[in-house]
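Some features that Swiss-Prot has for this protein:
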- 4-77: domain 'Myb-like' (DOMAIN)
- K9: SUMO2 cross-link (CROSSLNK)
- S106: phosphoserine (MOD_RES)
- K114: SUMO2 cross-link (CROSSLNK)
- 141-160: region 'Disordered' (REGION)
- K142: SUMO2 cross-link (CROSSLNK)
- T188: phosphothreonine (MOD_RES)
- 203-345: coiled coil (COILED)
- K237: SUMO2 cross-link (CROSSLNK)
- K254: SUMO2 cross-link (CROSSLNK)
- K273: SUMO2 cross-link (CROSSLNK)
Amino acid sequence: MKQLKRKRKSNFSVQETQTLLKEITKRKEVIFSKQLNTTINVMKRMAWEEIAQCVNAVGEGEQRTGTEVKRRYLDWRALMKRKKMKANIKLVGSGFPLPTSDLDDSLTEEIDEKIGFRSDTNFDWQNVADFRDAGGSLTEVKVEEEERDPQSPEFEIEEEEEMLSSVIPDSRRENELPDFPHIDEFFTLNSTPSRSAYDEPHLLVNIEKQKLELEKRRLDIEAERLQVEKERLQIEKERLRHLDMEHERLQLEKERLQIEREKLRLQIVNSEKPSLESELGQGEKSIHQPQDIETEKLKLERERLQLEKDRLQFLKFESEKLQIEKERLQVEKERLRIQKEGHLQ
């Protein structure tokens, strides 16, 4: 397989590492935030990109990305932990070794809480000359003939220790200096809980209260709607009762007209029977009977028309009443809709 020549970026210089740690200190609240959500993650990525821009502004010739400066910081932190562990082992001695768990706990606590600088503006770099002598080729662009990814973040242990030794005291000066210079961002994270951690329960309580209030309003609106529906059903029931009464009245009127018709028919039949009376009497009777029958017919017809007129007037009245009720229900429905929209807002 053809060997590909890939360029690897040069190692971080002293100035780049100094700038990196300074910028991390300025953005410690964002970078070391314990909150886990999309907004915080985006802010962290933006912070690392800003740190990378500040590192690139040093002008060492390399363009670092946010991922690279983050990896550089993690390597620096890991090296400090290893050096602290070695120092503790030397102090304790081989005859009285500390338990591994105690070493890990004390080391993690001190690194996380106390790693840092004495001042944001005055840094005490102890080993810059030695760093330049030991790592003189760090600014050179290295070319490797290999097949792996050129952006691989792994460094060899020896190279890493050489590269990072400039930012911490060496073993020859451990007796003259404190254990470590301190970074402010770590101890504030572990010793003082985030203010938002106290605000979150109150926020959840307020949200639950709002939910309960909205649910209560919804139930009130639902109760009003049911009351309106109940009234509408009552009105509908009353209307049906009136219609039943009207139906019965019309049925009685129909029976009455049937009886009148039968009565007229009997009168006609009786008028056609032969009479033994005199011709004069028959003539007078024949004159008066048709007149009486016609009069009765007209009278019955007039009464029927009057009843029909009354019925139509009653139906018209019922129709107007139903129309008014329909409009009232429409207005009530619109009022409930407006009230519901106001509650939701």
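For all residues, glycine too, the Cβ spot is worked out from N, Cα and C.
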Once DSSP output is merged into helix, strand and coil, K237 (SUMO2 cross-link) belongs to helix
K237 (SUMO2 cross-link) and K254 (SUMO2 cross-link), distance between Cα atoms, whole Å: 26
Cβ-Cβ neighbours of K237 (SUMO2 cross-link) (radius 10 Å): 9
Which of K9, K254, all recorded sites, has a Cβ with the fewest other Cβ atoms inside 10 Å: K254
How long is the line from the C-alpha of K237 (SUMO2 cross-link) to the C-alpha of K9 (SUMO2 cross-link), rounded to the nearest angstrom? 89
Number of helical, extended and coil residues in the domain 'Myb-like' (4-77), per DSSP: 48 helix, 4 strand, 22 coil
In terms of DSSP three-state secondary structure, what is the assignment for K254 (SUMO2 cross-link)? helix
